[in-house]
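Below you'll find the structure, written out as structure tokens, and then a few comments.
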Amino acid sequence: MTEKMNDRQGYIGTYEAVCLTSIMMVTKIFYTSIAVIVKIEGTSGWYGTLISCLTSLVMFSFIFLLLKRFPHMDITKIFEAVIGRFAGKILTLLFSAYMIFYAASSIREFIEMIKAYNLPYTPPSILIFGFIAVCAIVAYHGLEGIARVSAIFFVPVIIGVVLILILASPNYDFDYIKPYFGYGLKKTIVTGVLRSSAYDEVVILAFIINSVHGLKICKRAGYSSILISGLTFSTNILCNILAFQYTAGSENLSSLFELSRAIYFNRFVQRLESIFLFAWVVASLVTVSIAFYLAIDIYTKAFRIPGHRPLIFPFSFILFMVALIPENMPEVVQVNIQFIRQYSGFFIYLAPIAILLLAVLFRKRGELHNGKKS
């Protein structure tokens, strides 16, 4: 690795790579994803998301095969090696643009929810500005710094979520998971495959593979993060159905927040929203910081720019403007979030798979020994 690459990314271990990808996926449990899944699939949503998980494992396996075919190359270089520098650069920039859209949509979903629950009279622009300022500071320290933050906070976030689910257990009724097939097994399977997009953040490993010490750690981190996220999603959806039934559960803006409000043991132990707020804010900040940094980093790779720091301010401005585009919460959920969590997989997964097919068809491989190509 060159000094410029160290400035751009740094080095991270297996645990940090798992935390980095897992926290991006797991953050969705704090938002509208659970209610949307329950609304679409009914009582089968808790195992429908496991179908999404399995689909993502298969998709990641294809992406890993692409990375394995081109050792010592991240996916941006693979794009250029297979389809040419110009077309590869265009595809790389599309991923950068998607990361900006992802970060902006996540910010806006967070802002709309915090306005609904905590700060109803605060202008969205003020909240967005403060949120982006924190993310810019985190992104300034590069991938290694973000990975360290993810590694520090991932376990406390998971502990907070588990604590909420356990403390809310007196509200659970196992009769609420009937009928077991929800709105039909076919609908559950189809939706499960489409919602595999909820796990497509695992693709970030393909962009930072040179920082995770090779293919072995990348493979381990990818599979581990998908499985951890799948178990987390399934458990949270199940607990939401057990507590609110699928009828009321599909109406909650944030099912996990409503669970934290439903906690009651006595007058001294009740409504533990503070646990939720801590986990929610930390997970959201880390997630957006990762997406924001990757948007810049992917852009710098496309144009061979050494270092990401000079681009933090202009990209912060772009992120701010994109986050202001949605007019209200319904638009955020029905347009931005639905695209990210249900249809983005057609681009995020299928683009690398198409590159793999082209590489096999035209017999293209990466460097093997001493810079020689096969």
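Yeah, the Cβs are placed from backbone N, Cα and C, and that goes for glycine too.
Computed from a predicted structure; not experimentally measured.
The feature transmembrane segment is assigned by TrEMBL to 12-38, 44-66, 86-105, 125-143, 150-169, 189-209, 221-246, 275-296, 308-326, 346-363.
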Paired segments the transmembrane segment (86-105) and the transmembrane segment (308-326) in contact, 3+ CB pairs under 8 A:
yes
Maximum Cβ pairs under 8 Å to the transmembrane segment (44-66) - stretch from the list 12-38, 150-169, 189-209, 275-296, 346-363:
189-209
So are the transmembrane segment (150-169) and the transmembrane segment (221-246) touching or not, going by 3+ C-beta pairs under 8 A with a sequence gap of 6 or more?
yes
Which listed range (12-38, 125-143, 189-209, 308-326, 346-363) shows the maximal number of Cβ pairs under 8 Å with respect to the transmembrane segment (221-246)?
12-38
Might you confirm whether the transmembrane segment (12-38) is in contact with the transmembrane segment (275-296), defined here as three or more C-beta pairs under 8 A between residues 6 or more apart in sequence?
yes
